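Trainee: Before we start, here is the structure in question, set down as structure tokens.
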Amino acid sequence: MIYRSLSPLSCRKTKQHTLFRFQCIQETRKMPLNKLIQDGDNQDLTNERFKSTFDTDALAAVFHSGEDSLKRIREVRDEITKRGHLFDSLPAAHRTRAEKMEDVSRKLKNLMENVNEFADFTNNLDMLTIIRDVMGVEGFPLALHNLMFVPTIQNQADDEQTEWWLMDAIQGKIIGTYAQTELGHGTNLSAIETTATYDKSTEEFIIHTPTTTATKWWPGGLGTSCTHVILVANLIIDNKNYGLHPFFVPIRDRNSYSQMSGVRVGDIGTKMGVNCVDNGFLAFDNYRIPRRNMLMKHSKVSKEGVYTAPSHPKVGYTTMLYMRSEMIMHQSYYLAMAMVIAIRYSAVRRQGEIKPGTQEVQILDYQTQQYRLFPGLARCFAFVTAANTVRQMTESCIQELSHGKSDVLADLHALSCGLKAVVTHQSSTSIDQARQGCGGHGYSDASYLPTLYTCSVGACTYEGENMVMLLQLSKYLMKAAAKAEEGAVMAPLVAYLASSEPVVIGDKFEKLLSHFEHIARHRVMQAYRQMIEEEKQGIERDYAFANHSVDWTKAARAHTKLFIARGFVKKVQEVSHQEVHAVLTTLAELYLSYELIEMSSDLTANGYLSESQVQEIRHQIYDCMRKIRPNAVSIVDSFDFCDRELRSVLGRRDGHVYENLYKWAQMSPLNRKNLPHVEKYLKPMTSKL
């Protein structure tokens with residue numbers, strides 16, 4: 001079948017605007033390229049979908065890493081649809097925190113009882129699909145259990161310990177979290193205070209919290225849900241501190257859920273967001289655990305108290321590396337969900353007139369709205385590509401570590417620091433722009449945008465505060481800059497630092513990427529040379545580094561953006577589907593141009609580019625936005641999120657926003673009769689007048 005729009009003269013007038021109705025002509029040789037078109041949808045949204053120049057399923061396969069992955073996601077989603085006991089019975093926004101925790105725990109129990117009927121609990125793709133659909137982005141009691149507790153056992157327990165604990169953890173017979181951060185210290189791991197002192201006479205570790213600031217603080221699930229933790233504590237043998245090591249520690253009885261004697265544990269209260277996760281506190285009073293409860297794949301303590309060091313001092317970073325790789329993927333999906341909501345709503349919402357006296361226009365037609373949303377749309381593809389790359393690198397690194405190889409660990413740790421900082425910051429910024437772009441309705445919890453924002457922005461802090469992450473990457477770049485100055489062999493990720501300014505005569509991508517290289521090289525080498533100059537004046541290196549830490553963080557951002565940009569371009573060049581390749585090419589050009597203009601002062605510094613050349617890049621942004629505009633709705637449709645996942649009235653697939661906003665509002669508990677605050681306080685006050 002083919003579809004064509006009728007002329008405006010034959011269209012039906014509505015109260016505010018003219019809707020283009022589509023006539024269906026029987027024709028078996030062609031079908032709409034957008035697969036989400038259905039009868040009865042909002043007409044503006046349908047009109048947008050008919051404009052698609054590409055097959056939405058083909059782009060969805062690219063976004064979700066292949067046709068097999070996309071097929072599997074849809075299979076799992078279809079199975080969830082058959083199981084109504086896994087659905088939300090009331091919007092989370094209309095619940096108290098205690099009610100939210102009860103509801104996600106209900107869904108979790110129901111899920112655990114029959115998940116094996118339709119999904120593989122050990123398959124990352126299956127579980128991410130289930131979590132997005134069933135639990136949402138606000139978390140659930142097993143969030144850290146899946147992300148950190150189980151992977152730590154897999155990667156840091158020896159074979160015997162894995163036999164003891166792994167299957168119980170996978171099957172939910174024990175529930176755990178990862179307890180590292182303390183009340184007084186987070187990213188400064190060297191200041192962690194909790195101790196695990198080995199007692200040779202009993203072959204036990206004595207776990208102790210020596211001060212108030214040593215109390216473990218923030219681990220997700222710790223508040224009420226966990227029976228066990230992977231505890232990060234200082235290993236003490238014969239009064240010698242061997243540094244931080246992981247320990248498998250029971251904290252609650254599995255049957256009664258009573259806390260163990262010598263353990264103090266509880267919930268830390270509400271937060272800005274992610275309130276379906278019960279973040280908690282944990283302290284120990286000379287609490288004893290068996291010697292073999294120290295995870296001993298890499299480090300070991302014998303019965304006699306003899307310590308065996310790991311092959312590499314940072315092998316314990318594997319859990320953090322895995323966590324960061326997953327965080328980057330989650331951030332990509334949060335941002336993609338926000339773009340679906342904001343762009344669909346922007347196609348439905350009509351507001352104002354470009355020319356007075358004409359009909360109201362879709363707000364997606366305003367260039368200012370496109371400038372708010374389309375760079376975030378391009379970032380979705382850039383970030384998901386980076387997430388897939390670093391996930392593969394992390395899995396490869398963990399595999400190599402199991403064979404005693406640690407060659408790429410330092411490079412990967414530095415890269416993960418930069419990606420964590422840049423992706424979380426830019427994702428949360430773009431999500432907030434999406435929220436603001438939806439006006440008042442975007443501020444409502446009915447949009448789900450406030451929830452997406454608070455969940456995204458929280459990641460700027462947890463698992464490594466972003467500024468600290470950038471400074472850790474900066475230390476790596478400082479060493480790389482020194483090698484570049486010496487003419488030494490460079491690692492692939494930093495080889496550009498030793499290159500001279502290239503004369504680029506290639507395609508548009510090559511020219512734009514050369515600008516990214518120039519900015520990163522200039523920032524890194526300038527920060528390094530300024531620091532060296534201070535050293536020559538007698539200032540110690542640590543202080544010289546600190547005196548230029550702002551410049552170093554800017555250099556770290558530029559280095560990370562170069563990595564993301566290169567990966568995005570490489571991904572686009574690998575796509576063979578002609579129409580999808582064309583769309584992704586435009587998105588990549590927009591991403592590269594927008595990020596460069598965000599750093600435009602670096603482009604004109606020292607005469608690298610002229611003002612007119614920078615202006616040309618700026619105009620390229622506007623040109624890309626014009627090309628994206630007809631396909632914008634179809635691009636976000638290709639993210640392939642169902643309405644259950646989006647949990648948004650504004651982002652509904654059918655576009656019926658206004659009537660469903662009204663229905664959503666009716667569910668508010670404040671619409672009940674005989675409300676206590678009215679009966680107790682307001683009615684007595686007004687009845688006296």
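Cβ coordinates come from backbone N, Cα and C, glycine included.
Okay, so TrEMBL annotates it like this:
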DOMAIN    55-175  domain 'Acyl-coenzyme A oxidase N-terminal'
BINDING   Thr181, Gly220  FAD binding site
DOMAIN    317-478  domain 'Acyl-CoA oxidase C-alpha1'
ACT_SITE  Glu463  active site, proton acceptor
DOMAIN    509-686  domain 'Acyl-CoA oxidase C-terminal'
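What's the neighbourhood like for these features in this structure?
Mentor: Around Thr181 (FAD binding site), a 10 Å sphere centred on its CB holds 19 further CB atoms from the protein chains shown.
Mean pLDDT for the domain 'Acyl-CoA oxidase C-alpha1' (317-478) in the predicted structure: 93.
Remark: Glu463 (active site, proton acceptor) has Met320, Met323, Arg324, Met327, Lys420 as non-local neighbours, by Cβ distance under 8 Å and separation of at least 6 in sequence.
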Trainee: By DSSP assignment, list the helix, strand and coil residue numbers for the domain 'Acyl-coenzyme A oxidase N-terminal' (55-175), in that order.
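Mentor: Counting residues by DSSP class gives 88 helix, 0 strand, 33 coil.
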Trainee: Gly220 (FAD binding site) has how many other Cβ neighbours within 10 Å of its own Cβ?
Mentor: 26
